[in-house]
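Q: Sharing a structure with you now.
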There are 2 protein chains.
Amino acid sequence: MHHAIGFIQDLAVIMAIAGVVTVLFHRLKQPVVLGYIVAGVIIGPYTPPFQLIHDEATIQTLGELGVVFLMFSLGLEFSLRKLFKVGATAFVAALSEIVLMIWLGYEIGRWFGWNAMDSLFLGAMLAISSTTIIVKALSELGMKGEGFAQLIFGILIVEDILAIAMLVLLSGIAQTGSVSAGVAFATLGQLMLFMTVSLVVGILIVPRALDYVARAKSDEMLLVTVLGFCFGFCLLVVKLDYSIALGAFLIGAIMAEARSLHRIEKLIAPVRDMFSAIFFVTIGLLLNPTVLIDYAWPIAVITVAVVFGKIVSCGLGTFLAGKDGRTSMRVGMSVAQIGEFSFIIASLGLSLKVTSPFLYPIAVAVSALTTLFTPYLIRAADPITMRLARSMPAPLANTFGLYSQWLASIGPDSGGPTIFSLTRRIVLQIAVNLALVAAIFLGASYSAPYATGYLSRWLQTDDMQRVVLWSAALVVSMPFLVAVYRKLDSLALLLAEVSVQPAKAGRFTSAIRSTISGLIPIVAMFGVFLLVAALSGGILPPFGLMIAVLLCAALLLTVLWRWCVKIHATMQIALRETFEEPRDHS
Amino acid sequence: MHHAIGFIQDLAVIMAIAGVVTVLFHRLKQPVVLGYIVAGVIIGPYTPPFQLIHDEATIQTLGELGVVFLMFSLGLEFSLRKLFKVGATAFVAALSEIVLMIWLGYEIGRWFGWNAMDSLFLGAMLAISSTTIIVKALSELGMKGEGFAQLIFGILIVEDILAIAMLVLLSGIAQTGSVSAGVAFATLGQLMLFMTVSLVVGILIVPRALDYVARAKSDEMLLVTVLGFCFGFCLLVVKLDYSIALGAFLIGAIMAEARSLHRIEKLIAPVRDMFSAIFFVTIGLLLNPTVLIDYAWPIAVITVAVVFGKIVSCGLGTFLAGKDGRTSMRVGMSVAQIGEFSFIIASLGLSLKVTSPFLYPIAVAVSALTTLFTPYLIRAADPITMRLARSMPAPLANTFGLYSQWLASIGPDSGGPTIFSLTRRIVLQIAVNLALVAAIFLGASYSAPYATGYLSRWLQTDDMQRVVLWSAALVVSMPFLVAVYRKLDSLALLLAEVSVQPAKAGRFTSAIRSTISGLIPIVAMFGVFLLVAALSGGILPPFGLMIAVLLCAALLLTVLWRWCVKIHATMQIALRETFEEPRDHS
């Protein structure tokens, strides 16, 4: 019972000092996160009373659990429904912010004479704003319910997704040294595929399982089940070489569709607060104040760049996406800081050993400074907008006004929204089903080394083993292939209807239409076959055998067609039900 | 970011398997705790699929955090007020249970030919019932609100206190090999002193601090503050060589007096559930099923002994304390199991390396079996009482009836309660103040090695250093000494009033009374001085200097008397306020 004393002492020191400092920071009306970091600096080895931590490895491990719980909570708050609502505006604003900030950060880094990798990581660190800080600042200012706040939350969600993609890309670049467009595309494609499949499969299984457990009214059991899913999925994600942060975020987003979401959020909050406190303290532990003095100049430059860069990039993006000047300014001013994601990226660079050690303290210092400014910036948004409007030269103001009018004239209300939204919906469904088919064949290829070892007991030749694996994948993916075919069919009908007008085609109208609607699915399915063949290269049987398998599959399909349609419909209904079910409010 | 993978994998395995098994156990209507232990056995190294845990040291450390949080939660539920209410009955029942079960366990151990230490630890393991299991069983049976349940909770609280004392004694015995009555008495005296001082000082400081933090309405800050106090106090306790379990329990009992208790309980529950799940799983990890088969016979004997021993000892104790037969049987049947405390004692024995390794799996097996029986036993209490009453021989039944009548006749209503309760109250106040004085002088002695090193810069001779330290302790303890004197004064007046009756003493009445009331405080204060001198032996100045110090103190006291009385009154009022303040209900 006595060998954990050193560890208990560490926790005691961390929690006691963090407690005192955060209460102090709260009294000074500063964010609690800053308090944790300051507590970490006090505890850390660079400031008197010197090193207070004994078992630093365990504390760092617990701090990484803090990242898991932070990202998991973020996922719980992330909502596919909310994202669908704010849609395009948030995407444009977030993308313009991220692209400009990465470029700005990279250029600043090169200007200081840093190497390319440091500059790239600096850019990535400046790209993403801090959800925690913004939510806290807006709720303290009582603005959480206003319209522009909803748009900001949408931007933050898009940022989170793009940040995940950025993490994956950065890991790739860091490990290979460079990145080609093809590799980037393949990486992002794989990521999208993985995210789509996880979300679809996860949302089919996890919320149901949680709601089943939740019915027992035992908080303890629900918590253990939630943690089991969370860590289990994180483990899977890590085994697939993605970051644990991505796993935690995705499983959080999946659990966000459970009816018992509110209970889960309440249960997970204290656990997250405990471990995230440790995480932020470990950030402070790594912070050497003398580095801050040595790098005072870069810190100042980067801080100014973050504030002005984000206001301009995100504000301009919002404006270009069709919002008025006041809203744009408010959005830009609100996101003008960096936070927890920057630390995650900085520690990624450190743990991959590709960035210089000074980058981490700079990120912390810039985050601390910009966090300090955030509430003042949000409050200053309206006065600045008014002053800008007054002092703007008339021609410029006119141009802005014309742009707004033009944008309003081409809005979705002016065109035929029904055919457009119908098409978009069908394309989305095809994409999701194709993703599932691709995942099944990729999974079969991935498991081939293990499966063939097992199969070789019965099947001697390599070819026959491939036939068995490939056929199995084909049978499993059949419901989704059938669904793809049926959706392609309706899409083709729709396209034929729209593209071939009786006025032009005259008496050939129906003939051309039926040709188009008949041809498109066949051509497209051939494309699907090529895709599948490319993805399952490792287990593709030789040509002759493959034709035989396809013929057998076709025969099977004639028998199972109705069953395939039915099982797919059931799954689709189940998915839709999960989304449309009301949540328990407590 | 990638070096914690092994640890994440461990957590994933633990949480995922624990989740599945507990849901299964819940469906089978078995306690969740059993599910955790079974999950641990599955994960553990003795059953296929063999060792699933990579970083066992970290997992064990987290499991020990589970003990901290379990005991802390127990402390939060512990209430000094509740204890005062159930009072004597609970104490008699708990003491009779513990004494009989330790004796029974020891005898069984010796009968199996085990050594004395194993037998003693077996006895201690069987002594304490499981609060968790009982609370869960009673609430599942819907009996939590009934009268006998309140009595059981009282018994459990007394058991917890006695268990803490037992932990301290067992550690002492284990380290020295034997225990003399004197050592045991000194150990228990120190423990009582430490507990009294911690409770008084803690209740003066901690609830106020928590309520101050709670006003900020930030759950995160409150949680961090609670954890800071919890681990900080645990660290202090460990440094004083007491068990961490004691520290967690005491600080929980102190925090139970905070107004924001309900918020704290809600915040701490998920953290406790997470870590206690890990703790129970680590118990299963240590469990070797083959040991269970090898020791099937002792397990069976001990299980029977626990069930019948507890029913008889605790039931009889309850009956002797004046409850009717039905209540006694219900109480006895409810406490007939062992649980988490037995594991704590078993792991204490293992970590001190004084017990044989087979004791742990036996404790787990007996706990599992008796836990299984608990709900059935509680339900069977009433039928068995009725059958016993019918089949009891008439003379025996009459004896029981007479005992109950006799007990009722000597109840507290028959004597003069006012003087008795007044005396008891004054004696209690004197004891608490003396404890504080003793703690101050002990603290000064304890800090002497550090303080003298510091003092030696200014004071060369050892004697002068002692004078300074001893005087400082005397000045700090002055308000409490004054309080002791004033309480002794009123006690003497009271005693003089009661013991000297005018009928006997005649015209000397007032003279004798004033002599007695004048003499008692002086004699008693001389006793106090001897006690202080004995406790502060290490820093006691030589006789001549001490007299000088005492004279100075007397001079100082004439000036500061009023101030001493005032500061003591303020503290007393503050303490009473904390107890009498209503809690927030949420």
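Backbone N, Cα and C define each Cβ position, glycine as well.
The domain 'Cation/H+ exchanger transmembrane' feature in TrEMBL is assigned to A:15-377. The transmembrane segment feature in TrEMBL is assigned to A:57-76, A:83-106, A:112-135, A:147-170, A:182-209, A:221-238, A:244-262, A:274-293, A:299-321, A:467-485, A:516-537, A:543-563 (among others).
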Q: Counting Cβ pairs under 8 Å that are 6 or more apart in sequence, does the total for the transmembrane segment (A:182-209) and the transmembrane segment (A:244-262) reach three or more?
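A: Counting Cβ pairs under 8 Å, at least 3, so yes.
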Q: With Cβ-Cβ distances below 8 Å as the criterion, list the same-chain residues six or more beyond the ends of the transmembrane segment (A:516-537) that contact it, or say none.
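A: That would be 434, 437-438, 441-442, 444-445, 470, 473, 481, 484-485, 488-489, 491-493, 495-496, 499-500.
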Q: Which residues of the chain, 6 or more past the ends of the transmembrane segment (A:299-321), have a CB below 8 A from one of its CBs?
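A: Distant Cβ neighbours of the transmembrane segment (A:299-321) are 88-89, 92-97, 99-101, 104-105, 108, 112, 122, 126, 129, 151, 155, 292, 327-329, 331-333, 335-338, 362, 365-366, 369-370, 373, 377, 400.
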Q: Give residue numbers and ranges for long-range contacts of the transmembrane segment (A:244-262): same chain, 6 or more residues beyond its ends, CB-CB under 8 A.
A: 64, 67-80, 160, 164, 167-168, 195, 198-199, 202-203, 206-207, 210-211, 214, 222, 226, 229-230, 233-238, 344, 578-579, 581-586
Q: Is it the case that the transmembrane segment (A:274-293) and the transmembrane segment (A:57-76) touch, counting contact as three or more CB pairs under 8 Å in which the residues of each pair are 6 or more positions apart?
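A: With 3 or more qualifying Cβ pairs, these stretches touch.
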Q: Using a Cβ-Cβ cut-off of under 8 Å, list the residues of the same chain that are 6+ residues beyond the ends of the transmembrane segment (A:147-170) and lie near it.
A: 74, 78-79, 82-83, 85-87, 89-91, 93-95, 97-98, 120-121, 124, 127-129, 131, 134, 138, 179, 184, 187-188, 191, 195, 242-243, 245-246, 249, 314, 318, 323, 327, 330-331, 334-335, 341, 344-345, 348-349
Q: With Cβ distances under 8 Å as the criterion, find the stretch in A:57-76, A:83-106, A:112-135, A:467-485 that has the most pairs with the transmembrane segment (A:221-238).
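A: Most contacts with the transmembrane segment (A:221-238): A:57-76.
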Q: For the transmembrane segment (A:83-106), name the stretch out of A:57-76, A:112-135, A:467-485 with the most CB-CB pairs under 8 Å.
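A: Between the candidates A:57-76, A:112-135, A:467-485, the best contact partner of the transmembrane segment (A:83-106) is A:112-135.
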Q: Please give the sequence-distant neighbours of the transmembrane segment (A:112-135): residues at least 6 beyond its ends with Cβ less than 8 Å from one of its Cβ atoms.
A: 31, 33, 70, 74, 97-98, 101-106, 144, 152, 155-156, 159-160, 162-163, 166, 170, 173-174, 298, 301-302, 305-306, 309-310, 314, 334-342, 345-346, 349, 354-356, 359, 362-363, 366-367, 371, 374
